[in-house]
Each structure stands twice: as C-alpha cells, then as structure tokens.
Protein chains: 2
Amino acid sequence: MKIQKLSEDTRKNLLEDLLKRSPNSYGQYEASVAEILNTVKEKKDEALFAYTKKFDGADISVENILVTEAEIEEAYRLVDEDLLRVVRKALKNIEEYHAKQKQYSWFDSKPNGTMLGQKVTPLQRVGVYVPGGKAVYPSSVLMNIMPAKVAGVDEIIMTTPPGKDGKINPTTLVAAKEAGATAVYKVGGAQAIGALAYGTESIPKVDKIVGPGNIYVALAKKAVYGHVSIDSIAGPSEILVVADETANPRFVAADLLSQAEHDELASAILVTTSEELAQKVSEEVDKFTAELSRKEIIQKSLDNYGYILIADTMEEVIETANEIASEHLEIMTANPYDTMTKIRNAGAIFIGEYSSEPLGDYFAGPNHILPTNGTAKFFSPLSVDDFVKKSSIISYSREALEEVHKDIEQFAAAEQLTAHANSIKVRFE
Amino acid sequence: MKIQKLSEDTRKNLLEDLLKRSPNSYGQYEASVAEILNTVKEKKDEALFAYTKKFDGADISVENILVTEAEIEEAYRLVDEDLLRVVRKALKNIEEYHAKQKQYSWFDSKPNGTMLGQKVTPLQRVGVYVPGGKAVYPSSVLMNIMPAKVAGVDEIIMTTPPGKDGKINPTTLVAAKEAGATAVYKVGGAQAIGALAYGTESIPKVDKIVGPGNIYVALAKKAVYGHVSIDSIAGPSEILVVADETANPRFVAADLLSQAEHDELASAILVTTSEELAQKVSEEVDKFTAELSRKEIIQKSLDNYGYILIADTMEEVIETANEIASEHLEIMTANPYDTMTKIRNAGAIFIGEYSSEPLGDYFAGPNHILPTNGTAKFFSPLSVDDFVKKSSIISYSREALEEVHKDIEQFAAAEQLTAHANSIKVRFE
C-alpha cells in the first residue's frame, strides 16, 4: 500500500478521489432507468415479466413471481444447518440492538387543557431489495428486514432477481424467512424498484424501499424518492482506521483488507501518527493479500482507493477522519474511548483492537447498512427510525385557546392570511 | 363547496386528483434546474450574482451577499413591536416542544466486555431556504430554524432572494435572528440550493438543506439529494376534517378556508357521517368566503380540490383519512381522542373543536413543516431528528470476541468473503 505524509494537499486529493465513486455521478444511466420505471408504471406485471426475461433470462409469470411456502421449505433443506444456527444467533443480537432504538409516542399536558405530543406509527408496508448475482449476502437480508420487523411494519416485502432457472438462492430465502419477510417476489433491477413504488397486479405498492443494489437500482430509488420514501443510496464500502503506535499492525492490515475485498471501488485507509506502524501495516497488507482468495479485487481496490497516511498529531488524524466521514471507522489507540468522543462523522465506530469490522457486518447487532461516501456527515445507519413516522398531536381547550387567541390572530394578520385569523376569531365571537 | 357521497369511486377519483398536485410531476422544469445547478457548481459566486440579477433584478456582489449586522439592526427598527412580542412568545413554545424531541446517545454494556451503543451528533452546518416574493412568512422561518438550533447545529445558514433593491424583508430578517440563524445570504431559487449544496466563494457548503420553495427550489433540492441531505419536498397545503354530527359547522368551515386560502392547489376536505353537518358547512363556507380578502384564491382552490364527503360510518371516514394521509387533520367528533387512536397517517393531528389548524401554524409549538401529498404515510414533520445523525458504537473485549469468533468466521465463509474471516481469525492465531 502506498504510504503518504498527510498534508492539506494529500487530504484534498484523497477526498476528491473518494467522491468520484459517488453513486450520484452516473448520469448516463438515468435515461434507461427512467424508461424502465415508466414502462413498469404503465404496463405493470407485463413489463416485469419482460424485463426479467431480458435481464435475468428467467421465465417469470403471475403464477410463479411470488415465492411459495414449498419453495421456502425446499430452501431450508438446502441450507447448511450450522450456518442456520449462526444466522439465528446473529439475528438474536440484531433484534436485541434494534429493540433499543424504538421510540415511543409521547405527550405533554398542562392543567389549562393543552396537550401536545408526537405519535409514532410504523410504516404499513415496506419493500426490501436484495441483489442477486453470484455473491449471496444473507447478512444483508437480516440487516434490512430486522429493523422493519422491530418497528412493527405490517408487511415486509422482499424482491430479488431470480436465477435463469427462476429460483432464488436458498440461503437468501432462509435469511428472509428467519428475519421476518412476509412475502418474497422474484424480480430485480430498476424494474423491481418500479414495481414497489407504483404497484403492479402482483406486487403491492409500498411506503418505503430499502436495500442495496447496482447502479440501476440506486438510480431508480433516487428517481422514485418523494413518491415513496427510500433509505440512503449506498456507495462502495469504506474503512478508515485511526491508530497510534500502540496498534497491532497485523490487526490493522487484516481489517483494511476486509473492506478492500468488497469491490474495486472499495476504500481502505489508515491514518496514523506512527511511521513505524505505517511501514509494518503496509508489509502485512502485502503478506495477507498474497494469500487471500479475492486478491485481484483487493489489489485493484488498494491501488485506487487504499491509503496509509502519516499525520504529525492525533488532532490531525481526527480531523481527517471527520472530513472523510467513513462508513466504518476503527479506533486502535491507547485511549480509544477518548478518541471516540472526538469523532463526529462515521457510520459505525469500532472501538479497540478486538472490535474488528466484520464483527459488525455479521454479528454484534448494530446495523451494517451504513452511510457511505462522506454521507455519514448527515445520514445515519439503517435503523428502526427508518420504519416509523411521526404525527404531531395538538389539543387545546377553549380556555387555553382563549388565553392566546389574540396573539395568533395578530401573527396571521402579519402574514396577510385573513382566513387563518378568521378560524381563530370565529371561536370567540 | 361540492358535497358528494363517499364511495369507492369518489375516493379513487379524489386521490388521483390530489396526487396530480405532486411536486414529482414537473419533469419539464428539470432541465433548466439542472443547468442552473451545474452553472453554480462550476462558476460559483459569479453564477449566483448573474442569476440574482436575471431572476430577482437585484445587484448582488461579494460585498453585499451576506446580510450585515447593520441591516439586521435596521430590520428591528422597521418591524412592529407587537409582532415581535408575538414572535417571541411563539418561539418559546416552539423551542419547548422541540426540546422534548431530543434524542440522546446511549450504550448498553455486558460484563464480558461488550459495549454497543448509538452516538447522536448534531449536523455541523445546515442551510435553510426561505422563499421571497410578496408573501412573507416569518412563522416558516421560525419553524425551519428552531429544530436545528435545538439539535445543536453549529452553523445555521439562511438564504432568501432579495428584492430589486437588494434588501431582505425586515420581518424575515428579524425572525431569522430571533430563531438563531448564524448567517443570512441574499440569494434564492435553484441557484441558492446549488450554492448550499456545492459551496461558493461566499457561501459555505452545508450538510443538509431544508425549507419550502417554488417548483425550481423543490426540483433543485431533489437533484442534490444524496450529495447533501434534504427535508421532504413540500407540496401544496392540505386540511382534512374528520367530523360527526357534534361538530360546529362554523368552526369546520373556517378551518377548511384557512388552508384553501394558501394557494389554488391547496386542498380542503371534510369527511363526515352527518349529512346535516355537510350541508351547513357548505353554507358557512360560502358565507365566509364572500367576506375574506383572499376570496379568489379560495374559490379556485375549493373548486379544484375542495370536497365535502358523506360516509355511512365513522370507520369509512377513518379509512378515507388514512388513505389520503393529509398534511393537517382535524378531529371534531364526540370522542376525538378515541378517533385519534385510529388515525395512522397524518402530518399533524388537531384534536377537538378548539384546536384550530392555524394554532399549529403559528403558536402551539409543534412544527408546521409537515409531509404533504400523501407522504405522511412515510414522512414525518420537520423535527430535531432532521438535524442530528447517528453513529453505531461497537466495542468488544478479547474475551467477548473469543466466545463468538468461530461463528463470525463461518458466516463470512458462507458469503465467500475470506478477508472478512481473516480479520477475525488473525486475532486468535
């Protein structure tokens, strides 16, 4: 891995490089995505079946688009029992963590008869998109579905592209069932997003669409935003390790590689005050890479978006970490909790040398669907919050309104909204 | 107002009519908005000054784009003292309500050395857009800024278009100052959104943009979503009154009109089980309208999107209200709290005959920036939540990781992510 001295220039270049990976810079696909969405909106199921034939090579019809109980039972027979045991252990942790995120309706009343509050209501129906292809990520299925289940969503609808044989990967199906999906439909790509956003004869319209996908899926989600809600648009994976001279270079190297292996756009960055650590991590990275099965992806990812940066002070390290706002941030310093208090922007923060990033991907409980590409400055991990919405509650008694009615009428008059003023006035004629 | 019997057909037609007002159906402006955004991204301040000259007829330069302390002092001299007093009273209520929305960082630890948590961090810098034009809505300034202030946002930057004289309306300025804006810039339209999203020499890039605006502003916000965060895109205002025979027809009529006066696309709907009430409300609406200053707007709004619907049962009334998911929902029934428990979708719920909608617009405390156009099914009122973001916290001890490391390795292996497995394995070599 390349080692660089941290300077204003390296930081600026690095940020520019990383932002190039933004899912917002793929305008050239927008037209085809818009066409797919419009066709699905208009022709509904017919369009879904045609696109699934075209893009996935599968024959899907109204007869088999919905996964049956028999297919789920078959999937259970095909999935390794030991993996199922691990999935269930992970799910327990995920459920326990998300349960703590639950927000409750509240109200506040005063003796003059005012009651103000906030009512929390689960969304009624949500769509979870799960990518197809060779890579199968059951962990992602769990992480998308469980927060919706904990929130109390009535219907959790999953869509995922079928293989050429019209089947869904059994591990994906079992994960969906275990996590609590209420229906699974065999459709993928922008057409699946269109179906969830507008509804078809087979697939009901949802209130919100979540889940990662390729560039077509990301652009389709962005296009239907407003018509339905969406989660934040996922970009390539990232890890940033903040370390001082106390860090174990083998651990740091292994953790950087765990993200670099995702894809060629993934980014792995170490920012440290220790030149010695930088050197050793670079060596360990080379050693590990040679042995890992995904070495080609890793090498490209490291060449493009892998950095080891040496800073003069821990303040500079922190400042850089906050500027980059990494999806995953690991802290391996002498006082990691102290360092954590200074971190402003990160999707998930892993504290200390035994909190390796994959622990969060699979097992610990917090969601692994995290803001990428600098969006941790304003977006949050996927959570129970994403599957509820709030209504304000306002209740005034006659007495309470009478106390303030002249003030409200005056405010309305200042905005020249006389019908607003009238609706208060009429109550005290 | 037209009175109709509620049926499947009337409900379907009504929903279709209302959705036509969606800010998502204005594709024809997208190209000009994209051009403005690109020009601002590239030419920064120069573009802002040119567009401000073109669209607002004002000469703005690097010298005067930022509102000065002297301008704010002048504004205070121009604003009615009595209005200022009301603004301060309203602000106190708004601050008090929003303070109750604050979420706190939390953690949960176990004796084996695991600590999981969620860190809540305010956004660093946000942009608040305030429309210009003849209508001046200081209440909207308060409602946009206060939640950001309560959340603890460092910099709250407001932009609003100047008049031809290069000045900002004094009431707007005073409201901004009172609510806690840290800077006010004289720029409006899609160009203001571009400046806030990308930054210019004068205006710093923000993390999130909130605030209502015309169709150009709405489309610009949607276009920059992902690059920065935005609040939900505001459509025309709406009120839906749920009432039985106990409701006061004058109150209902006055409240319907308070929304109809906003603009010609505003919607005012009464759904009731009482034919008598329907008839009386219709008469009162006519009487009031004749006297109100904005009668022309009101008449057009009522003709287009005003409905009185008579249902057979209160269940049908509720079902219709939930289907429409109105921005504002008033409940005037014999047992309004009981009715409220059945309301699933609404931006704000006003309970009982003294909780007139304008009470919420100006004074009670809950935010008046609410989801419109059916989006209350998945969006929430603007709140303190909009101005914070969360980071997951994961901390495992050696002991805790050792207990589960084999499970995690197995999960990673099942996803064929060997570098993920390696990062756990290396810790127990």
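Cβ from N, Cα, C; glycine included.
TrEMBL labels come from automatic prediction, so no person has curated them.
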Matching residue for the substrate site, where TrEMBL names A:S237, A:Q259, A:H262, A:H328, A:E415, A:H420 - out of A:D165, A:D207, A:D361: A:D361
Nearest recorded site to A:Q259 (substrate binding site) by CA-CA distance, among recorded positions A:Y129, A:Q191, A:N214, A:E327: A:E327
A:H328 (substrate binding site) CB neighbourhood, other CB atoms within 10 A: 28
Filtered binding-site residues - A:H328, A:D361, A:H420 - keeping only those with Cβ under 8 Å from chain B: A:D361, A:H420
Cα-to-Cα gap, A:H420 (substrate binding site) vs A:E327 (active site, proton acceptor), nearest whole Å: 47
Tertiary neighbours of A:S237 (substrate binding site) (same chain, Cβ under 8 Å, six or more apart): A:Q259, A:H262, A:D263, A:A266, A:S267, A:E327, A:H328, A:T372
Cβ packing number for A:Y129 (NAD(+) binding site), 10 Å threshold: 27
Local Cβ density at A:N214 (NAD(+) binding site) - other Cβ atoms counted within 10 Å: 15
Which same-chain residues, if any, lie at least 6 apart from A:Q191 (NAD(+) binding site) yet have Cβ under 8 Å of it: A:I36, A:T39, A:V40, A:A47, A:L48, A:Y51, A:T52, A:F55
